[in-house]
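Comments concern the structure below.
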Amino acid sequence: MVIVGGGTAGWMTAAYLKTAFGDRLSITVVESSRIGTIGVGEATFSDIQHFFQFLNLREQDWMPACNATYKLGIRFENWRHVGHHFYQPFEQIRPVYGFPLTDWWLHDAPTDRFDTDCFVMPNLCEAGRSPRHLDGTLADEDFVEEGDELANRTMSEHQGKSQFPYAYHFEAALLAKFLTGYAVDRGVEHVVDDVLDVRLDQRGWIEHVVTAEHGEIHGDLFVDCTGFRGLLLNKALGVPFVSYQDTLPNDSAVALQVPLDMQRRGIVPNTTATAREAGWIWTIPLFGRVGTGYVYAKDYLSPEEAERTLREFVGPAAADVEANHIRMRIGRSQESWRNNCVAIGLSSGFVEPLESTGIFFIHHAIEQLVKHFPAADWNPKSRDMYNSAVAHVMDGIREFLVIHYRGAARADNQYWRDTKTRPLPDGLAERIECWQTQLPDTETIYPYYHGLPPYSYMCILMGGGAIRTPASAALALTDQGAAQKEFAAVRDRAAQLRDTLPSHYEYLARMRGLDV
């Protein structure tokens, strides 16, 4: 196997496949020293636990090396209106008499905050707490760390069985560097060189790549991790790109890496997505700095205006920080696997990082490649099933992102008004009609695996405020006592954890052996 391109996609692929197949599969990574990585995807899904468990990596092994922090969820600011915020946590919704607690909240809300009333994790985010006690035990006592269960299940197989209570933020470049060492130590060949050409055989399959200093590099299976260039899949093999721009117009970003004194400031355990005039700003807390960026649509805002807005948002700490302007290719390749070439990462597809899906797309693609790994006869059905799984995930995430905008009540300028009138992906209008009658469930969300459970949809709809759902009529005829006890249980558990958990900074500092 030849992986063209390093970065997070290339080295996650190399490390995972080497762990899966050992010496039975020869892996070469060809990586240019001149081409930088995009590095937008610094936040993750909680399902990333499967990746590290599969590689048998403990948090203390890799987190300090990658300036990693915990992520208990996403805080959305200004999506309903300026000054309003809500959380989308990693926490399964509690049921009462078969109805989600959010439904009971619609019937008789204890306060005006569905997130802190129905979930524990948003309370810990607002208190700046670690998800682990100082002895390493998880705050979520209902979750059993499953060890081999996580390592031996794919993300799609695990969904719905339990919810790991957090994900991570990390520096993508540092994770790639860490995984480079991990993979090379286990026998992956690392070739630092520029690929000058891709040569095809008479069938149109890739025969070899031509490099500047190492000549021809041959392989049976080629993995395209060349980013938005799509050097192998799109350029050499001519696979078309399917744009999502008709429904997701944000196509640009400007990013800053801002050094900060985290001991003084503290570290919030969540990603923040702050809605702005022509898009939104991400804030990702790392150990020692904050990654931040403005995702916007160039039809509404110039790069200069975007950078100025971002610097004003960050404040004086951004004064001497160099800005990185990124042109994003939003959509997916029509096929992510053609002939003997599989694209993973940005060359396969990308959407704006509103739900931290960049790393998730990579991880899912790797799992599916192992699941559908080609035999000697290159059965086309394996390829077709892989392409279907990857397309469903990306199309499902596309739909979920559209809901963020269609479901946000904010409409204070042309950009936000236009989010309510753009065309919807096929089937979404009917689903929205269902959600105006009842909250999303497994029967009414996007029907194929895409990494997101119904409670995530509930949070976006209830937080955004534009698509209103009434409480189920049955609740008026049902005893209210059990629901009130459940609200009290959430409140009590949140208070207990606020009082007993260390701060996020303290836990991470102690992991690094620092004095606090």
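Numbering starts at 1 and runs along the chain as displayed.
Just so it is clear, glycine is given a Cβ too, placed from its N, Cα and C backbone atoms.
Quick look at what Swiss-Prot lists:
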ACT_SITE  Lys71  active site
BINDING   Gly6, Thr8, Ala9, Glu42, Ala43, Val195, Ile359  FAD binding site
BINDING   Thr357, Gly358  chloride binding site
SITE      Glu355  site 'Important for activity'
Neighbourhood of Val195 (FAD binding site) by C-beta distance under 8 A, where only residues 6 or more apart in the same chain count: Val4, Val30, Ser32, Val209, Val210, Thr211, Thr226, Leu231
Cα-nearest neighbour of Ala9 (FAD binding site) within the listed recorded positions, Lys71, Glu355, Thr357: Thr357
Three-state secondary structure, Lys71 (active site) (per DSSP): strand
Greatest inter-residue Cα distance in Å for the FAD-binding set Gly6, Thr8, Ala9, Glu42, Ala43, Val195, Ile359: 30
Three-state secondary structure, Ala43 (FAD binding site) (per DSSP): strand
Of the recorded positions listed as Lys71, Glu355, Thr357, Gly358, the one whose CA lies nearest the CA of Gly6 (FAD binding site): Gly358
Nearest-integer angstrom distance between the alpha carbons (Cα) of Glu355 (site 'Important for activity') and Ala43 (FAD binding site): 9
Among Ala9, Ala43, Ile359, which are binding-site residues, the residue with the most C-beta atoms within 10 angstroms of its C-beta: Ala9
Of the recorded positions listed as Lys71, Thr357, Gly358, the one whose CA lies nearest the CA of Thr8 (FAD binding site): Gly358
Gly358 (chloride binding site) and Glu42 (FAD binding site), distance between Cα atoms, whole Å: 8
